[in-house]
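The following features are taken from TrEMBL:
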TRANSMEM  A:21-44  transmembrane segment
TRANSMEM  A:64-88  transmembrane segment
TRANSMEM  A:119-140  transmembrane segment
TRANSMEM  A:146-168  transmembrane segment
TRANSMEM  A:180-203  transmembrane segment
TRANSMEM  A:246-270  transmembrane segment
């Protein structure tokens with residue numbers, strides 16, 4: 001197990017990723033965007049406010065936390081496919097993959113190292129953004145446990161979207177195609193499932209009150225934004241639970257579903273990285 | 001050391017490799033000759049565990065490449081025909097990464113890497129980013145990389161391709177040194193005379209099939225029906241032309257009056273060749289030299305692949 005966590009491929013990936021100037025620029029623009037939104041929000045509610053008092057109140061602080069959380073989730077969803085969908089196909093295009101595959105490094109170690117190094121970079125961005133969240137704590141209105149919960153959701157989301165990116169990077173030869181498909185799936189998880197949830201909820205509203213449908217529950221489970229919103233508004237969870245007749249907590253279902261997707265994607269990636277060397281029976 | 005038994009690789013209806021049978025003993029330098037798309041790289045990829053054969057079996061050091069791929073990887077050093085490098089690594093870091101990948105301890109790597117860089121004449125480039133190296137230097141670095149775990153077998157797919165003449169000579173010298181170290185080397189190249197110089201055996205592959213295999217001399221003997229004989233005379237060139245034209249094993253006599261020389265194609269064996277020379281001397285021809293033209297590997301390759309459809 002130790003060899004999985006501390007292995008040459010992971011060392012190499014982290015060294016190459018963090019040595020690049022692009023990585024520095026990535027962190028810079030990430031914080032610039034997030035910081036700009038936080039400061040803009042405070043300015044709108046104080047300096048540019050119509051209120052004569054211009055005080056930043058705890059309830060506004062909570063709203064700012066929500067805004068920051070949603071923006072951060074959007075950035076995670078935007079950056080993860082870009083960081084992971086080229087990890088294997090990029091090596092293939094650079095013609096370095098074949099050499100790597102002739103080393104005794106296991107497919108599991110190569111795939112997980114690629115994923116973990118990408119997640120490590122995203123985690124660096126998350127950690128770097130923590131001082132921005134300290135503004136929220138300065139004004140109050142948000143509990144630390146909620147912050148941990150939100151960061152837990154980010155982690156599960158980046159792990160799953162990252163695994164999907166690695167999967168397509170492994171099974172598709174061209175990075176550009178793998179990237180487009182990964183972004184497509186991410187878009188479906190965000191916009192597609194949200195749209196389907198709204199439609200199905202509306203449809204349920206027209207039906208008999210006693211009649212339930214699992215459809216809104218299923219579509220909600222795959223939407224990170226709905227789950228994030230659920231962390232702030234517990235009433236949303238109750239509404240979906242009532243409409244579907246499923247009492248199982250929405251956030252727990254999201255974590256299970258996403259981790260399952262991640263596991264399947266990584267399992268197939270590990271199997272597909274190297275050719276199946278077992279002799280094919282029955283073929284001439 | 002390397003053995004393939006009826007090794008076949010098909011892509012749909014296209015057969016890239018058909019029933020390849022090879023046996024390369026330990027310490028042998030085996031040259032694989034063939035036109036582009038003949039099946040050389042396919043064979044190398046299977047031996048390097050990068051490609052699964054459709055049927056047949058391949059063994060490296062007694063390990064089956066299909067079922068014991070991990071053991072095979074520990075025993076081979078593979079250099080593909082086209083390869084890339086991690087451009088943000090320095091030369092030393094590049095080798096260090098692969099050394100670590102093969103489970104070599106950091107202390108051993110510190111000793112090993114300068115030795116390898118010296119072997120490939122890159123000691124003065126140890127702190128340079130790999131991306132800044134010339135193509136020839138990258139090829140040599142890749143060769144050093146393939147040697148990092150001291151493999152017994154080296155699989156080198158066109159290691160000298162795309163290099164300028166000086167870089168080719170440098171690469172050839174390194175390969176000679178590796179041969180002296182007792183490595184079993186499987187090498188492919190289009191620079192056929194170079195292969196002839198350094199290989200103990202060669203195999204000629206066309207359209208996925210091995211059409212000839214053995215020592216360079218054996219193959220020349222087996223496959224060259226016509227020997228070219230050059231004769232230099234002190235006098236009587238015309239008389240000599242008439243004499244040789246009259247012999248039933250001789251054809252296509254061409255003369256070079258400026259140099260008092262003639263040459264002809266001869267289809268007989270060694271005994272008949274001796275008898276022909278004796279008869280010519282008895283006939284009173286003033287022969288200064290009588291020699292068989294040495295044909296190089298390129299001629300052999302062209303002879304063997306004559307009429308093969310390369311499309």
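A Cβ is built for glycine as well, from the same backbone N, Cα and C atoms used for every other residue.
Unlike curated entries, TrEMBL annotations are predicted automatically.
For the transmembrane segment (A:146-168), same-chain residues at least 6 beyond its ends with a Cβ under 8 Å from one of its own Cβ atoms are 65, 69, 72-73, 76-77, 80-81, 83-85, 87-88, 111, 114-115, 118-119, 122-123, 126, 133, 177-179, 181-182, 185-186, 189, 224, 227-228, 231-232, 251, 254-255, 258-259, 261-263, 265-266, 268-269.
Among residues of the same chain six or more beyond the transmembrane segment (A:21-44), those with a C-beta under 8 A of the stretch's C-beta atoms are 56, 63-64, 67-68, 71-72, 75, 79, 121, 124-125, 128-129, 132, 135. Contact check: the transmembrane segment (A:119-140) against the transmembrane segment (A:180-203) gives fewer than three Cβ pairs closer than 8 Å, residues 6 or more apart, which falls short of the contact criterion.
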